[in-house]
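Peer 1: First the structure, which I've put down as structure tokens, then a few questions once you've had a look.
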Amino acid sequence: MTMRLPPLPTIGELIRLFGLSAKQQLSQNFLLDLNITDKIVRSSGDLTNKTVIEVGPGPGGLTRSILKAGAKKLVVIEKDRRFLPALEVLRHAAGNIDGSPWEEAFLTKSEMDAKRYMSYAPNKSRMQIVMNDVLRVDEQEILQHIHAPIDSNDKTQWENMAPITIIGNLPFAISTELTIKWLKQIQGRHGAFRFGRAEFILMFQKEVADRLIANPGTKQYSRLTVMTQQLCSVKKLSDIPGSAFVPKPDVDASLVSMVPRVTPLGVNVPTPTLEYVCRQVFGQRRKMINNSVKTLGPEAEILLARAHIDPTLRPEQLTVPQWCDLARAYQQWENKPQWAPAL
């Protein structure tokens, strides 16, 4: 699909366009090098028949590369209204799905809430903008106007990959919270996953990416590791130096692919239960687990026997299936303390 996209603004132009100081404006660490953004999009494979959800497009560096790659449909989710002018220019250039000229398809959050937005926006527009906090957005509300949902009880439908890819240079401050939101959606097969197994191509702080791919027994192995690997196959695609971002952050970043598993590792326990058990027990990761597990309540050592876990292991040595077994034992524990949260 051929189109003419405007050039990326310089840093000075960004500051003038949005009327902000460099320190305030650039705290979001933009990727403005099209060689890098093109490489990220190539990692996503063929997008010509896919809907892409881009998280946090900012001024549109990665957005441009997604459009250039020929994505059939692009929905960008952006919280900061200061980026609207840049994104609207891109939407105008993108036109409609059928190649016809663009028509108005944007409504501000002040005009309608996120749930109403998509019912007003013409579906034929190739690029659509959702002005909202991605932590609060229900992707199902967006995608139901584009794709038909699968039967969540039909294993065969879940085995097939959805024609949806989620791409984003995630704000470091919310990357863990956002990942957990998506994991809960994967398990419940709602949100974007109401339509099948959608792949993620995401930029994380390198430290977080290393936790996502970690193995048992390493210092990076953590609660986030267990929760993510239970439900997704995770692979690091590349490391990207901090110098590639504007402004340069104090840390490097990594590009990660996450693909929902057809069948979860270990027993399938509710994500909130697994999260709670991991959070409590990983808090004492260097102690033997027969001591660490006591953070779940008095006499919680019985859970180790029920889960067939060696009590002399340390939390960081448990495999993902073993963590799932422990969470299931906790879920079924008849003597959970009264102060335990409802999960």
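In case you wondered, yes, glycine gets a Cβ from its N, Cα and C as well.
Sequence annotations record features per position, and here Swiss-Prot assigns S-adenosyl-L-methionine binding site to Q28, N29, F30, L31, G56, E78, D133, N169 based on similarity to another entry.
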Peer 1: When you measure from the Cβ of N169 (S-adenosyl-L-methionine binding site), which residues in the chain that are at least 6 apart have a Cβ under 8 Å away?
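Peer 2: Sequence-distant Cβ neighbours: N29, F30, L31, V55, G56, G58, L62, M203, A253.
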Peer 1: Excluding near sequence neighbours, so keeping only residues 6 or more apart in the same chain, what lies with its CB under 8 A of D133 (S-adenosyl-L-methionine binding site)?
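Peer 2: Correct list: K79.
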Peer 1: Looking at Cβ-Cβ distances, which residues of the chain lie under 8 angstroms from E78 (S-adenosyl-L-methionine binding site) while being 6 or more apart from it?
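Peer 2: Residues satisfying the criterion: G56, P57, G58, L84, L87, I129, V130, M131.
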Peer 1: Counting Cβ atoms within 10 Å of each candidate's own Cβ, which of the binding-site residues N29, F30 comes out highest?
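Peer 2: Checking each of N29, F30, the winner is F30.
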